[in-house]
Amino acid sequence: MVEVYYNNDVNEGALQGKTVAVIGFGSQGHAHALNLKESGVDVIVGLRRGKSWEKAEQEGFNVHEVKEATEKADILMLALPDETQPGIYENQIKPALTAGKSLVFAHGFNIHFSQIQPPSDVNVFMVAPKGPGHIVRRTYESGAGVPALYAIEQDPHGEAKDLALAYAKQIGAGRAGIIATTFREETETDLFGEQAVLCGGTTELVKAGFETLVEAGYQPEVAYFECLHEMKLIVDLMYEGGLEYMRYSISDTAQWGDFQSGKRIITEDTKQEMREILKDIQSGKFAKGWILENQANRPEFNAINQRELEHEITAVGQKLREMMPFVKGDQKGVVSRAEN
Ligand code: NDP
Ligand code: MG
Ligand code: MG
């Protein structure tokens, strides 16, 4: 059975007298830094000069270049994009990472696939909230928390677990549950979930359904509603009460259709392909390809992204969402990317 810790199981004293440097002030970084500070932890922020730097200063933090933050801190949370971490680690963190300091990750990729190899006298652990940064922040402010995974990779002085749990507690995760895992399990299941189900699986399912209806002569706007827009209603029900609550809530006709047709879409072949995808993740083949793609400045990533933006569903969706301002979140980054 899975090992779970709550606030009462955790002694936050492990962080007493220690300085935490949150490196990066994006989605995760801003939430960690603010939650820790409001929990009474001594926090500084490490960044390069730019947008995030200004934002962190406005929030009242002492902001430093990454190397200087590493020198000043006992515990470093790497809240940087995963692809940039190895370079920043090599040039700015490693030179100042002395024995006994702690290197903390919110995702296991760089440790599990050896893109970062810290010295053996440094603590290495993970605190990975199971939600985006703005939810981590918002739930903390409301007195609740987002559950987090924690894992220990290096523990030279026998203190890594206490530090990991205390860190997780102080960002609010102990209010919801802190779950033990390993770097390997977190990394491989995270990659598999996003590739097979959450992102890769869902986008292709939506597009295939949309294309099938449009090719059969139905209006693209109607196809968009049926295959994309309504996805949220179904996913919200699954989120609230699992598959059984979703099925209870939909009509019996929809449920009968689910039973009759779902297995014709996700076949034994699909599942076999999922096993192949998992093998490529476990063997490191996927990671190697992504690392090389980044080293080459992402030629394939950019080409596919452009092709996807040219799909009919993009334009139809943009037009329909204009009619529904209530569904729009903060999409500044998305718009500029589409204009590129
Ligand atoms: P973001 O992309 O939101 O934030 C990146 C931050 O890093 C920005 O503040 C950016 O500052 C800064 N940064 C980028 N490059 C540099 C650099 N060269 N030197 C200094 N600072 C730099 O990252 P996320 O919060 O999404 O991801 C952080 C980690 O959290 C990753 O390991 C990710 O896997 C993990 N994670 C993310 C989740 C999420 O919901 N997003 C969920 C769980 C884990 P600037 O403004 O200067 O660009
Ligand atoms: Mg992921
Ligand atoms: Mg319907």
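Cβ atoms here come from the backbone N, Cα and C positions, even for glycine.
Among G108, G131, G133, G143, only G133 appears in TrEMBL as part of the NADP(+) site alongside F25, G26, S27, Q28, R48, S52. Taking DSSP states H, G and I as helix and E and B as strand, the domain 'KARI C-terminal knotted' (182-327) has 127 helix, 0 strand, 19 coil.
Within its own chain, E226 (Mg(2+) 2 binding site) has G209, L213 as residues 6 or more apart in sequence whose C-beta sits under 8 angstroms from its own. Sequence-distant contacts of E194 (Mg(2+) 1 binding site), defined as residues of its own chain at least six apart whose C-beta falls under 8 angstroms from its C-beta, comprise G200. Within 10 Å of G133 (NADP(+) binding site), counting C-alpha to C-alpha distances, fall none of the recorded positions H107, D190, E230, S251. In this view, D190 (Mg(2+) 1 binding site) is surrounded by 17 other Cβ atoms within 10 Å of its Cβ, with every protein chain counted.
The C-beta environment of Q28 (NADP(+) binding site), restricted to residues of the same chain at least 6 apart in sequence and closer than 8 Å, consists of A79, A106, P129, G133, V136.
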